[in-house]
Amino acid sequence: MGFAKEEKSKRVLRGVKTLFFLITMLISFLLFSAPILLVIADTLLPFSLLSASLSPSSLSLETLSSLFNNYDFRYSLVDIPLISIIRSAVIICVYSLCDGPRLSRGPYLGITTMCSASSLIYVSFKAPRVFRVSSMDRGEHVIAMEIALFICSLLLAIGHIAVAYRTSCRERRKLLVYKIDIEAVSACKNVVFPRFDRENLQLGDH
């Protein structure tokens with residue numbers, strides 16, 4: 001009876017360890033893939049919210065063409081998803097072109113911050129004007145979707161900056177560890193080879 005309980009507790013412990021390992025691997029994967037996942041979210045979410053704000057109409061090429069043709073800064077929202085797509089396209093291009101040193105400092109973090117900050121300023125400037133007009137002649141559902149669209153765009157812009165900063169810090173740590181390893185190997189060589197040379201000289205003298 002005691003042996004069976006012990007076996008059962010071992011199985012439970014193994015199951016907990018396996019679950020913890022899988023969760024850790026999943027979190028690690030999500031953190032490593034955060035720039036790409038955020039770009040996908042930044043491309044899809046704003047268009048989904050724009051489509052919801054057009055209810056009962058649906059988002060189609062004809063609807064998009066009509067929205068662009070009748071564009072007005074004060075109440076049109078089609079520019080918000082467009083800004084998200086442009087922002088995401090620039091960020092993912094820079095991310096894919098940068099290697100470790102460039103990810104650690106320079107182009108990736110700088111361009112991501114510049115694109116996200118520019119979109120933040122634009123969306124923050126546009127929001128009061130849109131809601132000043134939309135609150136007069138639009139339903140509660142539409143206004144709620146418009147608010148969600150603006151909040152989503154702002155949060156994704158901040159998310160891009162946070163992910164870029166974290167990626168930059170991670171790559172900087174990698175480079176630091178690599179530099180320490182190289183210096184350690186160089187130091188070992190400097191210690192071993194002079195000793196080896198001295199021993200050879202002594203043997204040559206004999």
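Cβ atoms are placed via backbone N, Cα and C, with glycine included.
All annotation found in TrEMBL is predicted automatically rather than curated by experts.
Annotation source TrEMBL lists transmembrane segment at 20-41 (among others).
Taking the domain 'MENTAL' (62-157) as a whole, pLDDT averages 82 in the prediction. If you look up TrEMBL, you'll see 62-157 marked as domain 'MENTAL'.
The feature transmembrane segment is assigned by TrEMBL to 73-95 (among others). Non-local neighbours of the transmembrane segment (73-95) in the same chain are 35-36, 39, 42-43, 45-47, 50, 53, 64, 67, 103, 107-108, 111-112, 115-116, 119, 122-123, 126, 129-130, 132-134, 146, 149-150, 153, 156-157, 160, 164; each lies 6+ residues outside the stretch with a CB under 8 Å from one of its CB atoms.
Annotation comment: TrEMBL describes 107-125 (among others) as transmembrane segment. For the transmembrane segment (107-125), same-chain residues at least 6 beyond its ends with a Cβ under 8 Å from one of its own Cβ atoms are 80, 83-84, 87, 90-91, 94-95, 97-98, 150, 153-154, 157-158, 160-161, 164-165, 167-168.
The annotation transmembrane segment is assigned in TrEMBL to 145-165 (among others). A Cβ distance under 8 Å defines the sequence-distant neighbours of the transmembrane segment (145-165), meaning residues of its chain 6+ beyond its ends; these are 34-35, 38, 41-42, 45-46, 49-50, 52-53, 55, 77, 80-81, 83-84, 87, 91, 108-109, 112-113, 115-117, 119-120, 123-124, 127, 130-131, 134, 138.
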Three-state composition of the domain 'MENTAL' (62-157), taking helix and strand from DSSP: 81 helix, 0 strand, 15 coil
